[in-house]
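Peer 1: One structure coming up, written as structure tokens, with questions to follow.
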Amino acid sequence: MKHIILCIHFLLMVVGLGQAQDCSVAPNMRVNCGYPTVTEADCRAVGCCFDSSILNTKWCFYNATAGPIKKLECSGDPTKRIDCGFPRITEKQCILRGCCFDSSISGVKWCYARTVITTPAPDTTTASTTAETTTVPTTPETTTVPTTPETTTVPTTPETTTVPTTPETTTVPTTPETTTVPTTPETTTVPTTPETTTVPTTPETTTVPTTPETTTVPTTPETTTVPTTPETTTASTTAETTTVPTTPETTTEPTTTPTTDTTPPTLPPTPETTTETTTETTTETTTETTTETTTETTTAPPPECAADRVDCGYSGITQADCEGKGCIFDSTIPETKWCFYTEAEAPARKAECTVDPSVRTDCGYPGITDKECREKGCCYDECIPDVIWCFEKAVPVVNS
């Protein structure tokens, strides 16, 4: 029995050393398992390895067994990728959905579904058979006395202990079949997000109704000054109340209208027709003037100028954060920049970030996001692969 116990301890030590060395992956062979700024606790919680001792490498990565399989799941023809995200999705959001993220190739989907790999299954069975053959010859021939070799109790225990442990742990690659996420992109069809965030109606509602209502209130004292003719027609009194306040606000030309209203008080039908026309014209003029004033201050440029927008925010920025930086927010035009600088400030901002990609000065760290880079006051451009995306702004040259 002592020999059997020693054999079991020896096997457990071998398995433990194998698992401890499972994370010994060369830095250039590591397969990313996390997202930018992932913590060690979050990385190990999903069963991945974490090593931050080597700079400019992947800190959260798959172990030596799962790494090659995960790499195959995210490889393949970029033109045949199946979308797994939504416009402007971040790398963290994509990986948390169980999808692959690769922004090194432009013009293709960056967040896409994994490919199901079914080849690793036979490899696990061969590994388990070798483990059985190596463990059996250790004890029975050297330690058993001729009285008890016929019982052959030794080979039974290693077979029961070694067979279920190793293949079950190594057959984990079957789980990607459960996490093939082509169903989630169908449910989260992205056109919902721009519709919910399109709030171009708010500036119109806040500015228009306040001013005209306050100006029309003083019309009531005019009705009290003309108590002599209300018995003839009530419509004439309403005509006076509507025409008087509108003329001083819009223009001084409509001063001729009160003379025409006062001269024919004896004809009741005519003021009814005139009041209807005047009320329509006054409401049109007031709304036109108010909308003109608001569009000059807050509205975005027309669609034909959308290509000239200079980005002022980051992926997923909200309207409140964008306007808090003093920039303009307009989400009505898809496939354009929604948060951008004003027309006066755009040329200077564009010149600051117009730097030759080969001479860019690094301003961030590996895996930095668009938001984190811009919050540091740096430029961010991920359109060109294999260059620095977060870089220092160019110093403008002042002409003396």
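Keep in mind that glycine also has a Cβ here, set from the backbone N, Cα and C atoms.
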Peer 1: So CYS378 is in a disulfide according to Swiss-Prot. Which of these is its partner: CYS363, CYS383?
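Peer 2: According to the record, the bonded cysteine is CYS363.
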Peer 1: Pick from CYS322, CYS353: which one does Swiss-Prot say forms the disulfide with CYS339?
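Peer 2: Checking Swiss-Prot: disulfide partner of CYS339 resolves to CYS322.
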Peer 1: Check for me: which candidate out of CYS43, CYS49, CYS74 does Swiss-Prot give as the disulfide partner of CYS60?
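Peer 2: Recorded disulfide partner of CYS60 in Swiss-Prot: CYS43.
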Peer 1: With reference to Swiss-Prot, specify which of the listed residues CYS94, CYS100 is paired with CYS111 by a disulfide.
Peer 2: CYS94
Peer 1: When the Cα-Cα distance from CYS74 (disulfide bond) is computed for each of the recorded positions CYS43, CYS60, ASN63, CYS94, CYS111, which gives the smallest value?
Peer 2: CYS111
Peer 1: List, by number or range, the same-chain residues at least 6 past the domain 'P-type 1' (21-64) whose CB is under 8 A from its CB atoms?
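Peer 2: Residues 70-71, 90-92, 94-96, 101, 366-369, 372.
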Peer 1: I'd like to know the mean pLDDT over the region '15 X 9 AA approximate tandem repeats of [AV]-[SP]-T-T-[AP]-E-T-T-T' (127-261).
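Peer 2: Summarising the region '15 X 9 AA approximate tandem repeats of [AV]-[SP]-T-T-[AP]-E-T-T-T' (127-261) by its mean pLDDT gives 36.
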Peer 1: What subset of the disulfide-bonded residues CYS84, CYS99, CYS312 lies within 10 angstroms of CYS111 (disulfide bond), using C-alpha positions?
Peer 2: CYS84, CYS99
Peer 1: Secondary structure at CYS390 (disulfide bond) (DSSP, helix/strand/coil)?
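Peer 2: DSSP assigns CYS390 (disulfide bond) to strand.
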